[in-house]
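Now, the feature entries from TrEMBL:
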TRANSMEM  28-48  transmembrane segment
TRANSMEM  60-79  transmembrane segment
TRANSMEM  158-175  transmembrane segment
TRANSMEM  195-214  transmembrane segment
TRANSMEM  226-246  transmembrane segment
TRANSMEM  258-283  transmembrane segment
TRANSMEM  290-310  transmembrane segment
TRANSMEM  316-334  transmembrane segment
REGION    337-359  region 'Disordered'
COMPBIAS  341-354  compositional bias 'Low complexity'
Amino acid sequence: MAVGDLSKTGEEKTATRGQSEVNRRLKYISLAVLVVQNASLILSIRYVRTLPGDRFFTTSAVVMAEVLKVLTCLVIILLQKRLNVKETVYFLIDVIVVQYKDTLKLAVPSLIYTLQNNLQYVAISNLPAATFQVTYQLKILTTALFSVLMLRKSLSRVQWISLLLLFAGVAIVQVQQEGNKEASVKDTSTQNYTVGLVAVVISCLSSGFAGVYFEKILKGSSASVWVRNVQLGIFGMVLGLLGLWWNDGAAVAERGFLFGYTSMVWCVIFNQAFGGLLVALVVKYADNILKGFATSFSIIVSTVTSIYLFGFHVDVLFTAGAGLVIGAVYMYSLPKAPAGSASASSSSSSSSTSEKTDIDAEMEAFLPKCPGKEKGS
C-alpha cells in the first residue's frame, strides 16, 4: 500500500513538472508572438508607405483587414459548430439580428476602432517607426485615465508614477524629434511630422476610450470573443467603406479598390487582420508582466530595425526618452501590492478571473490545456 502511494506521488510530481515545463514554453512562445506582432506591423506599414511608386489606399486596406477578420471568425464559429452550416447560420442570425440591441452596442467602439486604424496609417506614414512606437504607448495613459473616470478603477502609487514617467519619456522624444526633423523624416515633401503626431495622439485617445467603453458595455455578457469580432467587423466594414467613399471615393472609382497592392501590402493587411486574433489567443498564457516586457522589447526591436532599414538617427535624448517609456511600461504592468486583508485579495482574484471566463471557455477547443496559466489583462 505504502509502495503504491509512493509510486502515485512520484507520478504526480513528474506530471506536475512536465506541465510546468509546457507552461513555461507557452509563455516564451507568447512573448515571441507579442514582440513580433507589435514590432512587425509598425515596421511593415512604415516600409510600404515609404516605398517609391504607386501607393495603395489606406482606407481600402482597413476595410480589407476587417473583411479577413470577419471571415476568419466565421470559420472558427463554424468549426465550433462541428461544420454544421445550418446550425451556424441560425446561431449567427440569433446573436446578430434577433438580439440586435446587443449588436448595436458595438457600433460606437467599432466606429472608434475604424477611426483608430485609419489614423495609425496616417501616423506611421508621417513618423519614424521608432518614434511612433514610443509615442503610441500614451494609449496606456489614456486607458488608465478613462478606466479611473468611467469604471472607477483604482491605480496603485507605482502605476501613477509609471504614468508620469511615461508622459515624460514621450515628451522628451518629441523634443528630440522637433529639433531633428530633417534626420527623422527624409522626404519632407510627402511626410508631415505634425500631422503624424496629431494622428498618433488622437489614436491613443480613441484607443483608450474604445477599450474602456468596450469593457463597460460588455461586462457580464455571455457572447464569445469570436461573435464579438464578427459584430465589430460588420460595423467596421460598413464604416470603413463610408470612410473610403468620403476620402478616396473618386480615386478608387478610377483606379480600383486594390490599386497599389503588392505582396508586401498584403502581408501588412494579413498582419493587421490576424495579428490581433493571434494575440487574443496567446495572451491566455501571458500575464501582465510578460505583456509589459513584450511591449518594451518591441520598442527596442523597432528602434534597432529602423536604424538599419530607414536610417533612423538615435541620440542621447531619444535614448533617454525611450528608456523612460520602456521602464514605465514595465512598472505599470507590475502586480499591485497585496492588500492588508485576505478578503481584498480574494475579491481581486475572483474579479480578475471573471473578466476572462468567456474568452477562456471559447478558446478551450483551440488551445492546449494549461492548468497553471496566468491571466493577461
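Note that the numbers count up from 1, one per residue, in the order the chain is shown.
Cβ atoms are placed via backbone N, Cα and C, with glycine included.
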Which range out of 195-214, 226-246, 290-310, 316-334 gives the transmembrane segment (60-79) the most CB pairs under 8 Å? 226-246
Chain residues outside the transmembrane segment (226-246) and at least six past its termini with a C-beta under 8 angstroms from it: 57, 59-60, 62-63, 66-67, 69-70, 73-74, 76-77, 80, 92, 95-96, 103, 106-107, 109-111, 113-114, 117-118, 218, 252, 277, 362
Can at least 3 Cβ pairs under 8 A be found between the transmembrane segment (158-175) and the transmembrane segment (316-334), with each pair 6 or more apart in sequence? yes
Stretch of maximal Cβ-Cβ contact with the transmembrane segment (28-48) [cut-off: under 8 Å; candidates 195-214, 290-310, 316-334]: 290-310
